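Marked as compositional bias 'Low complexity' by TrEMBL: A:1-16. Feature annotation from TrEMBL assigns domain 'ABC transmembrane type-1' to A:93-307. Under the heading region 'Disordered', TrEMBL lists A:1-25. The transmembrane segment annotation in TrEMBL covers A:34-54, A:97-118, A:130-151, A:180-202, A:238-260, A:288-308.
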Amino acid sequence: MTISTAPASEPVAADAPPAPGRRRAHRPGQAREWWLGAALVLPALALAVLFKLVPLARGVLTSFESSSGFGGSEFAGADNYTRMFDDPMVLTSFRNALLVVATLPVWIVVPLVLALLIHQRSPGWKFFRAVYFVPYTIAPIVVGIMFRQILAPDGPLNALLRGVGLQPLAIEWLNGRHSALFSLVAVALWSFFGLGVMTYLAGLATIPEETLEAAYLDGAGFWRRLFSVVVPMLRPTVAYWSVLCASGVLIWLFPLIYALTQGGPGDATMLPEYLVFLTTFQFLDRGYGSAIGIALFVFVAVLSIFSVRHMFTEGTRKPR
Amino acid sequence: MNARHSARIGRYLLTFALVVVAVAAIYPLLFTVVSSLKTQAGFAEDPLGLPAGITLDNYLEAFRRMNMPRLLLNSLITTVGGLVLSVLAALLVAYAVTKLRFRGRKIVFLLIIVTLTIPSQAIIYPLYQTVLDLGMSGEYQGLILAYAAFGLPLGTYQLAGYFQQVPDELIEAARVDGAGHLTILFRLLAPIATPALAALAIFNFVWMWNDLLLPLVIMGGSDSKTLMVGVSLLSGQYDVSVPLVSAGLIVALLPVLVIYLVFQRQLVSGALAGSGK
């Protein structure tokens, strides 16, 4: 059941099993442990290779071909890549992606503040904890369609703003050159902040009461305790949540663009992930779509290289 | 006296802030529920207020148009399949790279978590090609395997982090007692990692159930398409009213919401399992 039906590549073949007898007497059963190890990592490796690395390699190959419409394809060298640099749509999409990435601090701080507020255990804190997670459970595509109504020019948000006398703020949220991307990110934040709050709360729960008690007895005030005790002890959690956000924020936006703006108005909310989809499946320009996809991969990889390094050390470090 | 006074004001402000965010978090959902209970004419008349009368016609119509039972079944099969396969593969590989001694285990671990940097959007066409070549386009197993692969990096990372905390002596002791590796993994380590497993299961359930791009491309318009694809298609039809779409949305989001409310305690206790050191 655990072995996938996929043709098993021999992924760890580079590490030949230690030939018996050639080495000094090693721990008995080490060769068997190698075979066992290979068997246990096989399902995961097969999945990763077949559904991520192979498509990635094929994507690279396709990106060097000119293949559009339903016809065949031919080798086109780096044409697709040079074309990208002259394509205002591509350039805009990556500039928009950078703007989205620039909002990452907000993604990291807002849930932290909310988690700290809940952690004060004021009356009803369990209720708030439960409610804040609800948006995350709703599918982004559903969230997108929902917010089409909420953000409509005559929708409830603008009605509220007019009601409290903030008439000038009641704008066409999804139709402005600048407001559209802002709205999109805000909706995404609405949809994901609960996961961040939950993550931080779990981290806060690992801080021993005694530590805080001791700081309190030493005369440390609320803010002092917050910045000298709580925040430093929360660093692994902050790192974990940053990992998730940095590698996820662009991906999370796709269904929202799909439901809310379709990249518009004009190219105001065009992001690389949506452009890949559009180029490949709407304009049927597979070579060019793949090239943009590879560019997106490089973009995300650069963004999350630190995350991966952090994860690697976390996962291989022995506890002290 | 004064200090106590300001402390109380601080409390009020804190509760006020929490309430404002709670309203913002829950209002869009309430708005959609209310809209779904209005008639089309009722919504046109008064889109924002409470309905004059409640109708369930929108739900009946949404069920009729979307072949809802089939969509629900498709989503359930692919989500549970992907979730089980993904967690199982992650369990095995996490155990191998943290508790077995064989060469190349660090490279394997790195290879798995590095795939986190490959977003589905970047490779969506070649992924579709690959699924097609495997003869799994429009088939449950195509989507299940893809889900499993995309859930793998974070699951492996979380479980490896958790297993790393379990002292090797414990494993050695079990070995000496004659326990095999699979016994150790499933009878000793998995129970220890229950909070992490629960959190991982819920996390995977939520994103797999809610995902749009993978089922959209792999299942296309086939009979095996998932609920989210159905919802996105429904909202694209030109003659569909807001109350009708709202009803479809409520049906689509209800299963995950119910699962969340039922398993809320486990989720809270295990949310950070694996990195809450």
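Here, residue 1 is simply the first one shown, and the rest follow in order.
Placed from the backbone N, Cα and C atoms, the Cβ positions cover glycine too.
Against the transmembrane segment (A:130-151), stretch A:238-260 shows more Cβ pairs under 8 Å than any other of A:97-118, A:238-260, A:288-308. Long-range contacts of the transmembrane segment (A:97-118) within the same chain: residues 125, 128-129, 132, 181, 185, 189, 192-197, 199-201, 204, 226, 230, 234, 238, 241-242, 245-246, 249-250, 253, 271-272, 299, 303, each at least 6 residues beyond the stretch ends and with a Cβ under 8 Å from a Cβ of the stretch. With Cβ pairs under 8 Å as the measure, the transmembrane segment (A:288-308) is packed most heavily against A:238-260, out of A:34-54, A:180-202, A:238-260.
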